[in-house]
Amino acid sequence: MAKKITFNEDARRGLERGLNTLADTVKVTLGPRGRNVVLEKKWGAPVITNDGVTIAKEIELDDPYEKIGAELVKEVAKKTDDVAGDGTTTSVVLAQAMVREGLKNVAAGADPISLRRGIEKSVAAVSKALLTSAKEVETEAEIAACASISAGDPQIGDIIAQALEKVGKEGVVTVEESNTFGTELEITEGMRFDKGYLSAYFVTDAERQETVFENPYILICDSKISSVKDLLPVVDKVIQSGKQLLIIAEDVDGEALATLVVNKIRGIFKSVAVKAPGFGDRRKMMLQDIAVLTGGQVISEEVGLKLENATLDLLGRARKVVVSKDETTIVDGAGSSDQIAGRVSQIRKELENSDSDYDREKLQERLAKLSGGVAVIRSGAATEVELKERKHRIEDAVRNAKAAVEEGIVAGGGAALLQSGTSALKDLQLTSEEAVGRNIVRSAIEAPLRQISLNAGLEPGVVVGKVSSLPQGHGLDASTGEYVDMLSRGISDPVKVTRSALENAASIAGLFLTTEAVVAEKPEPKPAPGPADPGAGMDF
């Protein structure tokens with residue numbers, strides 16, 4: 001297909017038009033007085049949201065150059081959202097400000113490469129200053145304050161703080177839709193996976209239809225168990241120890257399953273068999289996780305271990321095991337804390353190197369099961385539109401709160417970015433050409449506060465001047481129009497959110513400024529309509 005190529009200033013301005021269209025749509029949502037945007041859907045009800053990345057994803061432009069410009073800025077919003085769970089609108093506002101000022105300087109004859117270098121050095125200095133000024137999040141109330149700002153609802157903030165208090169910063173907090181009104185929290189203790197008992201005869205608690213064992217042995221096997229001859233030696237050893245047995249294997253069937261069931265019914269020996277979670281390589285990894293957690297070993301011929309030769313020291317242990325029809329929970333595995341920490345570190349490295357959203361999600365789940373736990377927040381609403389919007393807000397607020405716990409918090413409302421940034425840039429030593437890049441960043445760090453005050457109906461220039469003269473950490477409470485100590489008022493941003501927004505905006509601004517040509521698809525001319533059928537509509 002033929003391509004359309006544009007060079008120099010025309011190329012950059014085409015990209016900027018797309019950026020501005022997207023940014024102007026997104027930035028109206030910034031701050032406590034930000035407005036909503038309604039998104040039409042091809043199917044179902046429209047969505048009402050004030051989340052920057054959700055709005056950005058929906059925008060598709062006709063002009064090929066504008067479309068490319070908009071897509072580049074979508075990446076800024078998406079990357080910030082992935083890393084920090086919030087700050088998407090801030091990152092778009094910062095990118096727009098940097099590109100606008102940068103293109104003015106390029107048009108006036110500035111060297112784009114020196115500009116980009118100046119921007120990168122300036123942003124690194126501001127990021128360092130933000131990290132230095134960050135305050136650690138130590139109390140549940142501080143976590144709740146961060147989550148409340150992101151979600152726009154103090155009740156949601158409190159629930160998220162409770163969830164993180166229970167599962168820790170490595171734990172998984174999932175958000176599900178509920179059929180009832182309100183928001184509720186459910187905490188899962190220990191490691192849980194979605195596989196239940198292979199026979200209802202294993203049940204020990206008839207009322208709850210669950211198998212509950214205290215201090216059982218846990219046999220972990222990566223192959224199918226059908227022959228009772230293979231299973232009998234290890235079962236005999238467990239019977240002699242007077243304990244119960246949980247068997248996790250690829251499958252347990254035939255005479256092996258029948259023997260276990262008969263022994264349970266006759267009261268000779270209590271056991272329960274479940275299928276291993278996952279598939280393929282992921283199953284092997286999850287079995288290894290269970291082995292590390294319980295202090296056992298995976299019985300696998302790949303490592304020279306056979307089921308018929310298994311001894312008690314190869315089996316895992318746990319304080320409690322609960323198995324229902326659909327899931328298995330292992331509480332307080334007896335694995336060594338050093339081995340668990342090593343496994344957690346290994347999974348975290350895989351997480352950092354993974355590009356796939358699906359793989360990252362599964363790795364995060366494994367990490368949580370090993371190191372923290374799982375909390376489920378169930379949210380309900382009156383309409384489907386409200387439910388989707390509320391669920392999305394809670395998901396963002398969870399990531400926001402985790403970011404706060406990870407790197408600490410700074411004054412919100414654009415105050416920390418302006419104050420820390422201004423002082424950091426003042427002392428930065430740059431060449432004369434790079435200093436122009438510093439001026440671009442200095443102008444851009446005012447942009448979020450300007451937009452927040454504009455959305456609140458205030459005069460941006462006056463607000464920026466006032467906040468610049470206030471002590472560090474003081475700023476504008478846009479919901480009331482007062483100038484206050486932001487952290488004591490509970491108005492804060494996770495430093496990771498502010499830092500990610502600034503760094504991602506600078507990255508895309510550098511690409512815009514150093515672009516000399518844009519190659520786009522040439523729109524195909526629409527075929528002319530064919531001649532009308534002269535006989536159409538006539539009745540013969």
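Here the Cβ of each residue, glycine as well, is placed from N, Cα and C on the backbone.
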(message) Going by the ATP site in Swiss-Prot, where Thr29, Leu30, Gly31, Pro32, Asp86, Gly87, Thr88, Thr89, Thr90, Gly413 are listed, which of the candidates Asp158, Asp338, Asp485, Asp493 is also part of it?
(response) Asp493
(message) Quick check on the annotations: Swiss-Prot lists region 'Disordered' for one of 352-372, 520-540. Which range is it?
(response) 520-540
(request) Report the same-chain neighbours of Thr90 (ATP binding site): residues 6+ apart in sequence with Cβ closer than 8 Å to its Cβ, ordered by sequence. (result) Leu30, Gly52, Thr80, Gly414, Pro448, Val497, Thr498, Ala501
(request) Between any two of Thr29, Leu30, Gly31, Pro32, Asp86, Gly87, Thr88, Thr89, Thr90, Gly413, Asp493, the residues recorded as binding ATP, what is the biggest Cα to Cα distance in Å? (result) 16
